[in-house]
Amino acid sequence: MDYPNINVILGGGRQYFTNSSTADPVMSSMPGLRNDGFDLIKAWKTEKMERKVQHDYVYTRQQLNALDASSIDYLLGLFAPSHMTYEADRLPSSVEPTLTEMTAKAIQILKKNPKGYFLLIEGGKIDHGHHENGAKKALEELLEFDNAVAKVTEMTSEDDTLTIVTADHSHVFAISGYPTRGNNILGLVDNMDAIESPLDNMPFLTLGYLNGPFTNRTNLTGVDTTASSFHQPGCIKMNLETHAGEDVVIYARGPMAHLFQGTREQSYIGHVMMYSACLGVYKDNCDMPKRNMMLEPMSMHCSAVIPRSTLWTLLGLVVVVVVNQLSESTRNV
């Protein structure tokens, strides 16, 4: 259970941790879904007690925010029976924490480790919003993800923490037409006759999809296209909107961030993280004499790096990777 001994796990999915005889503590109508008799929440607690380590399990926003991070080293938080709620649909009374709140608590716990830590933060609901042709939902999730990135920046130092922001794919999501500057991004194109106009003379949206579950082309005059329940229509009818094939961006801050330049293969990201933290095949790097590695290509230090990969996307599934407490020899380059 819990291999490889993860310190902090936060998200949704309670149903998949308990069996059908276990009622959900918040939504009693959604009991567990396991049919193997295991209760993984109990198993997690038992394993931690047997090892005599400080731990806690929480399932509400209030419990998470009240938690004293200095008193525990292991935290399991499951805040919804299945997927967590969209930010666009969040109610003031919600028992689910925001991505930013989960990020802050995770860093508070992990930063106590003198050897540093690795933290993966995923804005997974961005992807879900796009799959249902829900641009409003996807954009609201992106804004919350941006808040989480800001929290990482606030709580860490670029002197000893490498922060990477990237995506694992794009979506068939696009901007069309020529709306005027300042026009609501979720609204209709406000100057339909500029340069190109629709042949059916019906108003059209700035944002749209190549495919997805909603494909009807209708007259949107008077329709509130900014509502979270509104779905931008696609062109090809499918059960779900699909991923696309564009390259995606990699943003980085901190030690060795300069290595993320140009177009790279996705496996390159893992190599830079290991190289920065002196792990794996790069474990001896921190023992090398200090020198200005800013002036040296990474390939000089290991031939396993594959140069080439990804560059630009429009709101794909986004993740933040935080590698903290990089060694002195890595920082001083």
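Note: Cβ is positioned from N, Cα and C throughout, glycine not excepted.
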Review point. For the Zn(2+) site that TrEMBL assigns to Asp127, His131, Asp168, His169, which of His243, His258, His271 is also named?
Key: His243
Check your understanding: According to DSSP, which of helix, strand or coil covers Asp127 (Zn(2+) binding site)?
Key -> helix
Exercise for review: Pick out which of the binding-site residues Glu122, Asp127, Asp168 has the most other Cβ atoms within 10 Å of its own Cβ.
Suggested key: Asp127
Exercise for review: Would you mind checking how many other C-beta atoms are within 10 angstroms of the C-beta on His131 (Zn(2+) binding site)?
Suggested key: 19
Revision key, fill the gap. DSSP output for His169 (Zn(2+) binding site) maps to coil
